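Participant: Before I ask anything, let me first share the structure, which is written out below as structure tokens.
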Amino acid sequence: MEKKREKRTSRKGDRIVSVCIVLVFFVYLFLGIQVNVDAGEQKTVKIGYYKAHDFQEGADDSAAKSGYSYEYIQKVASYTGWRYQYVYGEWKDLYEKLKTGEIDLMAGISYNDDRVNSMLFPEYEMINETFYIYKDTDDTTIKCGNIDSYAGKKIGVVNNDKRMMTALEDWAKEKQADIQIQYYGSLESCAEDFNQKNIDAFVSADNVASSYTGISPVEKIGKEAYYLCVAKDREDLLDELNMALSIITEQDALDVDELHKKYSAESSVTIFLSEKEQDWLAEHDTVTVGYSNDYLPYCDTDKDGKATGLVSDLIPDMFDALPGDYEPDIIYRGYNSQNEMVEALKNGDVDMIFPVSSEAWYAEQEGYQESTNVVTSPIDLAYREPYTGKMTAKIAVNKNNQLQYNYTVQNYPDAEIIQYDSIEECIKALKSGEVGSTILSARRANYLVGAEKKLNVLPLENTEDRCIGVAVGNTALLQIINHGLSILGENYGLNHTYTYMDAMRNYTAIDFIQDNIWIFTGILIVIFLCIIWYFCQRDQNMQKQAKKEAKQKQELENALTIARQANRARGVFLRNMSHDIRTPLNAIIGFAKLAMKSEGNFEQIQDYLNKISVSGDHLLAIVNDVLEVSRIESGQTKMEELPCNIKNIVDEVEVIIQGQAQEKTQTFIVDTSKVKDYYIYCDRLRVKEVLVNLLGNAVKFTPNGGKIELRIIQNEPAPEGYANYEVHVKDNGCGMSPEFMEKMFQPFERERTSTVSGIQGTGLGLSITKQFVDLMGGTIEVTSKEKEGTEVIVRISPRLAQTEKDERTENTESEEKDYDFRGKRILVVEDNELNREIVKAVLEETGFEVEEAENGAVAVDKIKTAGALYYDVVLMDIQMPVMDGYMATKKIRSLEDSDLANIPIIALSANAFEEDRKASTDAGMNGHLAKPVNVSELLKMLCKLF
């Protein structure tokens with residue numbers, strides 16, 4: 001009666017508690033604190049989110065979030081209806097933002113008196129940690145509460161966790177414990193020393209070490225609780241949070257506990273071995289494993305006599321997962337009967353067996369100790385159709401499978417058990433009707449009865465756990481096995497079982513066809529349709545191929561036409577170039593002969609020489625234009641932007657063009673009045689060449705008495721630090737036809753040859769101009785009408801500069817100077833005798849004492865023989881036989897005598913590109929001049945050296 005009364009009282013109390021919870025819920029509901037909020041009324045809450053391993057992962061918007069705290073706050077949001085706005089950062093920065101109210105919530109804050117005034121703490125903690133000193137389970141020297149037992153003991157602690165470190169230090173000070181504290185950078189390094197017995201114990205939190213085996217907590221040294229805190233001025237959020245936490249505590253306590261276990265397990269790595277485990281591993285370098293044959297997917301022996309199935313993966317992976325480098329030799333032995341396998345274990349023939357039942361009763365009766373579960377197997381009842389209530393009256397059992405027998409006896413105690421030699425014999429008996437059913441592992445049922453049309457399977461409620469068995473009393477090995485299985489995880493066995501499911505049955509082609517008869521019927525229909533489609537497609541392809549061949553033929557004809565046009569263009573170019581080159585050559589040769597015949601007539605000879613010089617300059621311009629186009633097309637032209645003055649550039653161009661215009665009595669107008677900013681960054685030479693080309697064309701194609709205009713306009717607005725300029729070049733000359741304007745920027749294009757037009761030119765000027773403008777990032781626009789004139793507009797947007805480096809004064813002074821190099825000795829290195837003669841004559845006129853060398857090797861020998869300070873300077877050709885100028889310069893620079901090695905060397909080369917100048921500089925030369933030599937430039941460079 002007393003017991004009944006107690007039960008009734010308990011039930012009554014439960015009802016009262018339930019009613020109170022409901023009343024509290026409705027009170028909060030009517031007070032306006034919503035537990036579930038409609039998605040459209042969600043409140044946005046700013047929450048500080050910092051990265052902490054397994055606590056808060058994914059600390060940016062693009063990363064997936066997880067961790068104990070993340071799932072915890074999501075559960076809170078499910079009751080409050082909050083929508084979180086994540087604010088990312090470091091813990092200390094977010095903590096300050098919570099104190100100032102910049103964020104509303106932050107997780108993982110411990111309680112202390114100072115913080116109470118800065119933020120709001122809820123009534124419920126989100127997680128707590130207890131700090132313990134852990135020792136080896138087998139260590140009896142350290143005793144709980146006995147401070148004297150700690151004397152001289154080495155205790156390890158991770159030094160980057162100040163909470164545990166401080167807790168240990170405070171405990172040792174308070175208890176006056178005579179311990180040696182060893183500090184470690186990580187728990188792994190601490191565990192390594194613990195396993196090797198270099199320390200006696202270590203400090204860890206209970207939620208980290210709870211899943212370790214072989215260790216025991218011996219002393220509690222501290223505890224700390226953590227909260228989901230609220231900003232000081234957000235009491236509304238605190239009320240909602242407390243309401244949600246009260247519901248979670250009452251209704252979802254198990255979920256929170258599972259969440260705690262989930263992330264404690266994930267963050268724990270079983271890295272500690274007990275002394276007993278370590279001793280067993282040290283004594284056994286070979287492990288013998290017994291297993292059941294013909295029991296896939298769990299175990300079997302393959303055709304090569306090797307173990308296969310789950311057991312072949314499980315045992316090596318289990319030992320490999322253990323801490324340390326234990327790698328035993330594993331010997332497998334298969335047994336046809338489970339009873340034989342158990343006897344082998346008892347006799348010491350094997351160290352462990354697999355699989356065995358997890359039922360402790362059967363383990364005791366058969367004489368083994370079972371491990372923790374390796375894999376759980378659902379159980380099926382295989383029966384012969386139709387389904388009747390009598391099918392379990394007679395059940396077939398494989399006499400070699402004790403697991404099957406035990407399960408049948410336990411679950412069907414009234415059944416008549418008939419034993420057979422194998423599971424296949426059981427299936428035959430079932431098919432013939434000798435028995436009504438047999439018990440099968442669900443993972444083997446499909447293999448054994450899947451193809452039998454008269455048989456079916458019925459899933460049963462109960463499952464069977466498969467374990468590893470060890471001899472009674474072998475607790476060290478059992479502890480090692482359980483240790484390894486805990487590391488592998490509960491899903492290991494199931495995942496690896498699936499690997500061997502396909503090997504269980506020899507599935508024939510006939511089986512496959514029978515199981516998929518409708519699929520094969522469909523395939524035959526598809527094949528027939530494919531044959532029809534093939535012939536239709538072949539006809540279409542033949543038609544397409546004919547069209548394709550016709551198209552290719554047309555493309556080949558077009559390509560041939562283009563090639564012929566290119567050949568014709570090449571021929572026209574060669575004829576034009578031949579004419580353009582021969583014209584100045586003819587003048588040079590003709591006037592040279594006339595000069596030779598004009599003995600004594602100095603004025604006539606001077607006139608002839610001036611004309612030879614003009615023709616030579618024209619010939620050089622033709623060659624330079626061809627080379628410049630080649631250089632541009634190869635991508636070797638680079639803009640060298642320096643501070644320049646537009647006005648100075650225009651003045652220089654005006655001097656050049658004014659003379660040409662005066663020869664044809666043309667009016668040349670220059671207007672820069674609309675320019676505000678004169679100083680810009682540009683490639684002075686390229687800009688000058690663009691203007692000279694455009695104005696030169698205007699002069700050439702405008703008749704005598706015509707008009708040429710150059711106007712530069714600065715337009716607004718422009719980006720900061722830049723200026724927009726328009727350069728207008730306008731003439732009233734012959735103009736261009738629309739047909740020519742379509743190709744006027746192509747190299748070597750001229751509307752009329754110089755023979756027809758009487759105007760010299762290569763047809764390269766506009767092409768070069770267009771390329772230069774493109775490199776400047778500008779545009780060029782041309783309008784023209786035949787017999788009325790042409791206007792070219794160039795638009796560029798250069799950067800603005802403050803000043804320019806103006807060298808004109810310096811150059812002018814140098815040009816006006818009379819050069820006197822008396823007392824200076826120069827070595828001219830040139831393989832061409834005529835060139836040497838010309839250079840020698842020019843230099844001797846200025847006072848130089850000139851010596852010659854026909855190649856680089858001779859030059860090097862002369863310099864070494866002459867000794868230091870004999871030569872003042874060297875003029876070095878580049879392309880020479882025996883030894884070129886680059887190699888000769890490098891050899892001179894490598895001489896031991898510093899005076900010889902540092903002699904000034906100026907390159908004289910037919911190669912005038914920037915990369916050629918760089919090559920000369922890299923070789924060690926002091927200057928670079930292009931051939932044909934500009935005497936003025938040569939003398940100015942020599943003057944700078946002295």
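Placement of Cβ uses the backbone N, Cα and C atoms for every residue, glycine included.
Feature table excerpt (TrEMBL):
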COILED    539-566  coiled coil
DOMAIN    576-800  domain 'Histidine kinase'
DOMAIN    825-946  domain 'Response regulatory'
MOD_RES   Asp877  4-aspartylphosphate
TRANSMEM  16-37  transmembrane segment
TRANSMEM  517-536  transmembrane segment
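Each of the listed features needs to be described in terms of its position in the shown structure.
Facilitator: Over the coiled coil (539-566) the predicted model carries a mean pLDDT of 84.
According to DSSP, Asp877 (4-aspartylphosphate) is assigned to a strand segment.
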Participant: DSSP helix, strand and coil counts for the domain 'Response regulatory' (825-946)?
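Facilitator: With helix first, then strand, then coil, the domain 'Response regulatory' (825-946) has 58 helix, 24 strand, 40 coil.
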Participant: Just jot down the residues in the same chain as Asp877 (4-aspartylphosphate), at least 6 apart in sequence, with C-beta under 8 A of its C-beta; none if empty.
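Facilitator: Asp877 (4-aspartylphosphate) has long-range Cβ partners Val829, Glu830, Asp831, Asn832, Asn835, Gly885, Ala907, Leu908, Ser909.
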